[in-house]
Amino acid sequence: MTFVLAACVAVCFGVSVYLLLGRDLKGVAMGVFLIGHAANMSILAMSGSPVPTEQEITSGVAIAELKEAPLSAYDTPSPALGGMVDPLPQALILTAIVIGFAVMGFLLTLLVITARSAGTLELGELAKDDDAEEPTADATAAPGGAA
Amino acid sequence: MSDPTNNLLILTVAVPVVMGLLCVPLVNLPKLCRGISLLSFAATFIISVVLLGQLGSWGDPETGGIMVSQMGDWAAPYGITLVFDSMSGLMLAGASLVALCTTLFAIGSLPARTERRYFHPLVNFLMLGVNLSFLTGDLFNLFVAFEIMLMASYGLLVIGGGKDQLRQAYKYVVMNLLASSVFVIAAGMTYGMFGTLNMADLGRLTTELSARGELPTGFTALGVLFLFVFTLKAGVFPLWFWLPDTYPTLPISIAGLFGGVLTKVGLYAIARTFSLVFLAGEAGAVIIPILAVGAALTMFVGVLGALAYTSMRRVLSMMLIVGVGYSLFGIVIMTEGSLQGAAFYMVQSMVVMAAVFLCCGLIERATGTDDIGRMGALLQQPKLIGLGVMVFIGLLSIVGLPPTSGFHGKLIIIREGLTDMFWVVGVTALLVGGLSLLAALRVWGSSFWGPAPNTADTPEGDDHAQIQSFPRSERVGAWGLIVASLLIGFAAEPLLNTAGRAGQQLAEPQAYVDAVLNNPRYAADAVAKAKPGDEKSEYDTYAKPSKAEEEHH
């Protein structure tokens with residue numbers, strides 16, 4: 001299970017880095033989105049194997065892989081806490097996901113506004129637009145000044 | 001051991017939340033919103049100064065004068081901890097003062113339409129994030145605080161939405177999102193390695209483990225990950241490229257706020273986490289050289305940038321980066337004295353950078369440009385003499401010529417820095433000091449002193465007469481910060497003492513660990529006494545120990 005998670009994290013990372021290095025802002029946004037997921041999954045991987053297989057349960061090996069909840073170290077651990085997966089990483093992931101939603105909403109809104117005002121989402125064209133803008137600004141200013 | 005618990009310190013976080021939320025429905029009543037905002041920052045400033053005073057008066061040797069508040073009364077490694085020591089207090093007070101004055105300035109300078117686009121709630125939430133980062137006692141909450149701060153700063157970044165602003169916003173937003181993801185990963189890895197995210201607990205664990213030489217594999221890599229995150233937020237050399245592009249596009253009052261406060265949050269995070277946790281064992285040998293080289297390059301390249309640009313906003317952004325270099329240098333030396341210097345310098349730099357950004361706004365209002373090549377002889381206009389004095393004081397405070405406020409911090413940092421290990425960086429710092437004097441005099445000289453530009457036919461010349469009366473709130477805001485910076489310079493002793501305590505607490509983090517973990521309120525025996533025998537459900541032993549303690553009495 002941990003291996004599967006690790007593979008997922010790796011794939012997510014790879015794809016997101018590829019997207020982040022691109023010149024299309026939509027791709028960059030998706031890359032940011034994916035890297036957030038990779039981060040969340042890596043925290044999940046840190047919390048130990050969530051579902052032990054039947055074989056692991058019978059052999060008793062996987063229990064060692066389950067991280068104990070930090071509260072169980074607080075005092076004499078109660079038996080009820082024995083089979084519990086550490087809930088804290090999941091709380092962390094929950095928080096990170098919620099923050100990710102907000103950030104993603106913002107980023108997509110920003111994309112829409114930029115697309116409306118610049119007419120493109122290609123980084124190269126946005127930069128070109130930047131260079132082209134100043135002469136046009138001057139050109140529009142000059143007739144105004146003349147008038 | 002006295003009980004360091006003080007729940008008042010939650011107020012510095014709670015006040016901006018409440019005030020910010022209050023502003024949201026009232027956004028169409030700008031006057032009320034302004035009042036609420038100003039009240040909020042004035043209140044946080046006063047609270048943090050009062051708390052700092054209390055720290056000083058009961059700074060007992062056992063806890064080193066550190067206040068702790070355990071949210072919901074959950075004991076330290078398991079609950080959310082807020083910690084207020086001298087460093088946090090100084091940063092809180094400085095940030096609130098800057099927020100107060102820049103908001104005052106914004107009232108006069110922001111277009112009414114922009115102000116109604118949730119400017120006041122956003123600034124309040126920004127300060128919530130900033131204050132929480134200064135107070136929080138664990139790494140995940142530091143992440144959350146950073147995110148609150150960043151979300152608000154994204155909002156402020158595109159407020160008013162100029163085309164240029166939108167275009168540059170991407171760099172800032174995407175870089176910070178990337179850094180946030182790395183932060184989450186690094187926090188997750190820390191939890192995987194140590195099973196805790198509480199900084200005091202981490203500090204205890206790393207000290208114990210490194211003493212036994214049993215630090216987990218990858219601990220250094222973890223430190224480097226955090227280094228990436230924090231140096232990006234602070235604007236340290238290879239990772240500062242977003243800063244001089246985005247800050248100049250902002251409305252000037254917001255640029256002042258960002259320039260004053262945001263980079264300091266990154267620096268504070270470096271000072272806090274690295275002094276406590278990430279320099280343990282072999283990690284220090286890797287990380288300290290990286291930070292030292294980063295500090296030297298930040299200063300040097302920054303000052304070259306300040307000399308190269310002609311746009312005043314860009315020059316100020318580069319000077320801000322130079323300040324980051326100095327602060328980082330103070331932090332990286334990691335002696336008590338250098339940390340004192342860094343603490344002092346960071347507070348001073350907050351105030352002064354915001355002040356000169358605001359002055360730059362006034363100059364723009366007077367001349368219609370921020371290009372120093374297109375202005376000159378501003379001193380010849382009688383109404384601008386006051387502004388000239390302000391800018392002069394501000395720039396010299398950045399450079400740190402003796403009577404002004406930058407001097408003490410720089411002096412301490414460089415004096416501590418001229419040791420065997422760091423002498424190259426120390427010499428760079430001296431050289432950069434000279435160069436930044438040059439940069440500052442170039443700005444002041446060509447705008448106020450030098451000959452008037454040959455642009456008599458441009459419309460600006462005519463505008464002078466009309467625009468010169470600055471709104472009162474702008475003047476008050478800018479003068480407030482300039483006067484504060486003068487006070488820092490001429491009455492430096494109380495601040496230096498506080499910074500000294502901050503340096504001592506950062507250099508010997510044991511007091512921090514003790515104050516958070518060995519809080520007598522949650523002492524082990526109090527829990528033990530409430531344990532079995534008296535027929536309680538198991539939850540009582542796990543939940544609030546203080547409740548159990550109260551029952552015992």
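These residue numbers are counts, starting from 1, taken along the chain as shown.
Each residue, glycine too, has its Cβ placed from N, Cα and C.
Please treat TrEMBL annotations as automatic predictions, because they have not gone through curation.
Annotated transmembrane segment per TrEMBL: B:36-58 (among others), in sequence order.
Taken from TrEMBL, the feature transmembrane segment applies to B:78-106 (among others).
Positions annotated as transmembrane segment by TrEMBL: B:118-136 (among others). Using a Cβ-Cβ cut-off under 8 Å and counting only residues 6 or more beyond its ends in the same chain, the transmembrane segment (B:118-136) has close neighbours at 9, 12-13, 16-17, 19-21, 23-24, 27, 33-34, 36-37, 40-41, 44, 80-84, 88, 91-92, 95-96, 99, 103, 106, 110, 142, 144-153, 155-156, 159, 257, 261-262, 265, 268-269.
The domain 'NADH:quinone oxidoreductase/Mrp antiporter transmembrane' annotation in TrEMBL covers B:137-429.
According to TrEMBL, the transmembrane segment annotation covers B:142-160 (among others). Only residues 6 or more beyond the boundaries of the transmembrane segment (B:142-160), in the same chain, are considered here, and those with a CB under 8 A from a CB of the stretch are 110-111, 113-114, 117-119, 122-123, 125-126, 128-130, 132-133, 136, 166, 169, 172-173, 176, 180, 183-184, 187, 233, 246, 250-251, 254, 257-258, 262, 265, 269, 273.
Outside the transmembrane segment (B:172-194), and at least 6 residues removed from its termini, the chain residues within Cβ reach (under 8 Å) are 139-140, 143, 146-147, 150, 153-154, 157, 201-202, 205-206, 216, 218-219, 222, 225-226, 228-229, 232-233, 239, 242, 245-246. Marked as transmembrane segment by TrEMBL: B:172-194 (among others).
The feature transmembrane segment is assigned by TrEMBL to B:219-243 (among others).
Annotation source TrEMBL lists transmembrane segment at B:250-271 (among others).
Annotated transmembrane segment per TrEMBL: B:283-308 (among others), in sequence order.
Per TrEMBL, transmembrane segment is recorded for B:315-335 (among others). Remote same-chain residues near the transmembrane segment (B:315-335) are listed as 234-237, 240, 243-244, 247-248, 259, 263-264, 267, 270-271, 274-275, 279, 288, 291-292, 294-303, 305-306, 309, 341-343, 345-346, 349, 353, 356-357, 360, 372, 398, 409-410, 412-413, 416-417, 419, 422, 425, 429, 432, 436, 439-440, 443, 507 (criterion: CB distance under 8 Å, separation of at least six residues from the stretch ends).
Residues of the same chain lying 6 or more positions beyond the ends of the transmembrane segment (B:341-363) and with a Cβ under 8 Å from any Cβ of it are 86-87, 90-91, 93-95, 97-98, 101-102, 105, 109, 252-253, 255-257, 259-261, 264, 267-268, 271, 312-313, 316, 319-320, 323, 326-331, 370, 375, 378, 387, 390-391, 394-395, 397-398, 405-406, 408-413, 415-416, 447, 470, 474-475, 477-478, 481-482, 484-485, 488, 492, 495-496, 498-499, 502-503, 506. The annotation transmembrane segment is assigned in TrEMBL to B:341-363 (among others).
As annotated by TrEMBL, transmembrane segment applies to B:384-401 (among others).
As annotated by TrEMBL, transmembrane segment applies to B:421-441 (among others).
The region 'Disordered' feature in TrEMBL is assigned to B:527-553.
Among the features that TrEMBL reports, compositional bias 'Basic and acidic residues' is placed at B:531-553.
Counting Cβ pairs under 8 Å to the transmembrane segment (B:219-243), the stretch among B:36-58, B:78-106, B:283-308, B:384-401, B:421-441 with the most such contacts is B:283-308. Within the same chain, residues 2, 6, 8-9, 11-12, 15-16, 19-20, 22-23, 26, 65-67, 84-86, 89-90, 92-93, 96-97, 99-100, 103-104, 120, 123-124, 127, 131, 497-498, 501 sit at least 6 positions outside the transmembrane segment (B:36-58) and bring their C-beta atoms closer than 8 Å to a C-beta of that stretch. Below 8 angstroms of C-beta separation, residues 6, 9-10, 12-13, 34, 37-38, 41-42, 44-45, 48-49, 51-52, 55, 64-72, 115, 119-120, 123, 126-127, 130-131, 134-138, 141, 198, 200, 251-254, 256-257, 260-261, 264, 268, 271-272, 343, 346-347, 350-351, 354-355, 358, 361, 473-474, 476-478, 480-481, 484, 495, 498-499, 501-502, 505-506, 512, 515-516 of the same chain, each at least six residues beyond the ends of the transmembrane segment (B:78-106), sit close to that stretch. Across the candidate stretches B:250-271, B:384-401, B:421-441, the maximum count of CB pairs under 8 A to the transmembrane segment (B:283-308) is reached by B:421-441. Residues of the same chain lying 6 or more positions beyond the ends of the transmembrane segment (B:250-271) and with a Cβ under 8 Å from any Cβ of it are 87-88, 91, 94-95, 98-99, 102-103, 105-106, 109-110, 114, 123, 126, 130, 133-134, 142, 146, 149, 153, 156-157, 159-160, 165, 227, 230-236, 243, 291, 313, 316-317, 320, 323-324, 327-328, 331, 339, 342-343, 346, 349-351, 353-355, 357-358, 360-361, 364, 477, 506. Residues 319, 323, 348-349, 352-353, 355-356, 359, 362-363, 366, 378, 407, 409-411, 433, 436-437, 440-441, 443-444, 447-448, 468, 478-479, 482, 485-486, 489 of the same chain, all 6+ positions outside the transmembrane segment (B:384-401), place their C-beta atoms under 8 angstroms from a C-beta of that stretch.
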